[in-house]
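Structure record follows, encoded as structure tokens.
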Amino acid sequence: MELKRENVLIEALPYMQEFYDSIMVIKVGGNAMVSTQIMEDIIKDIVLLRYVGIKPVIVHGGGPEITEKMERMGKKAEFFQGLRITDDETMEIARMVLVGNINTKIVSLIGIFGGKGVGFTGYDGRMILGHKQAVKRVLVDGVETEVDIGWVGESEVINPEILHIMLEKSYIPVISPIAVDAKGNALNINADTVAGDIAAALKAKKLILMTDVSGLLRNIKDPSSRISRVNLDQIDSLIEEGIISGGMIPKIKGAAVAVKSGVERAHVINGSVSHSMLLELFTDGGVGTMLYGPDHPPV
């Protein structure tokens, strides 16, 4: 039975009180940005969070757009173990798409809906310092072969000072997942990883990962089989059972690292479902999967 509007608001009140003045890091996936309507709904929700006293930080991806741009420029996208092989030209295309297109678009939408957005990359304030990933070694026909995946990086240090300054001034930071190494080279880093690292550095209350599925499902074909809560100790067994599989494995593992590093809880939700973030945060049942550790068990 559909809840009356006043009941929805009353149900949300204790959550709003609990989350007031807290930091939440929200990772918006590239798939969510394919649809203008979905993107607008997400940004409206994030601006609303700011207006009820929550301090949101956005980390965005852009994989589909980068691939599309590469194809238009006549360059084939290549991947190795899920990582985009990033040569010099691909790195420039990634920067063009992430910083010049997606980041700017999100900041603009925040302004349209009444918020104050400001865009960043890891270069700004040397926010994300990283290093290039090591050359990969694989067996091809029984022969060990080296694979250089290019300017794909891992973060080493997050300097959150500039983010704290912006949050205190009521800005909503929007971060492109591009880091910088000790020599000033740009590095392409997985956006889920960046979001988790930034959430840990900011001591965020929540890490929210927007995907194209409604959290973890015991049966991928049955939305009603959603697992609403997962203890960190359950993750390995869920991977063994195949419930956590494919691209969800690095997302969940990254979220687990963030929780172990001080983030209270992490949430995996379907960003393509209208207002899913508000429903996950402000209703008792939620609509996604919440990850928690021993320090912050569900009440």
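Each Cβ is built from the backbone N, Cα and C atoms, and glycine gets one as well.
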Which single residue out of N159, N185, N188 does Swiss-Prot record at the substrate site shared with G62, G63, R84?
N188
When you measure from the Cβ of K27 (site 'Transition state stabilizer'), how many other Cβ atoms are you left with inside 10 Å?
31
I'd like to know which of these binding-site residues, G62, G63, is least surrounded, judged by other CB atoms within 10 A.
G63
Of the binding-site residues G62, G63, R84, N188, which one has its Cα closest to the Cα of K27 (site 'Transition state stabilizer')?
G62
Which residues in the same chain, at least 6 apart in sequence, have a Cβ under 8 Å from the Cβ of N188 (substrate binding site)?
R84, T86, T90, M91, A94, W151, V152, G153, P177, I178
Any idea what the Cα distance is from G63 (substrate binding site) over to K251 (site 'Transition state stabilizer'), rounded to a whole Å?
15
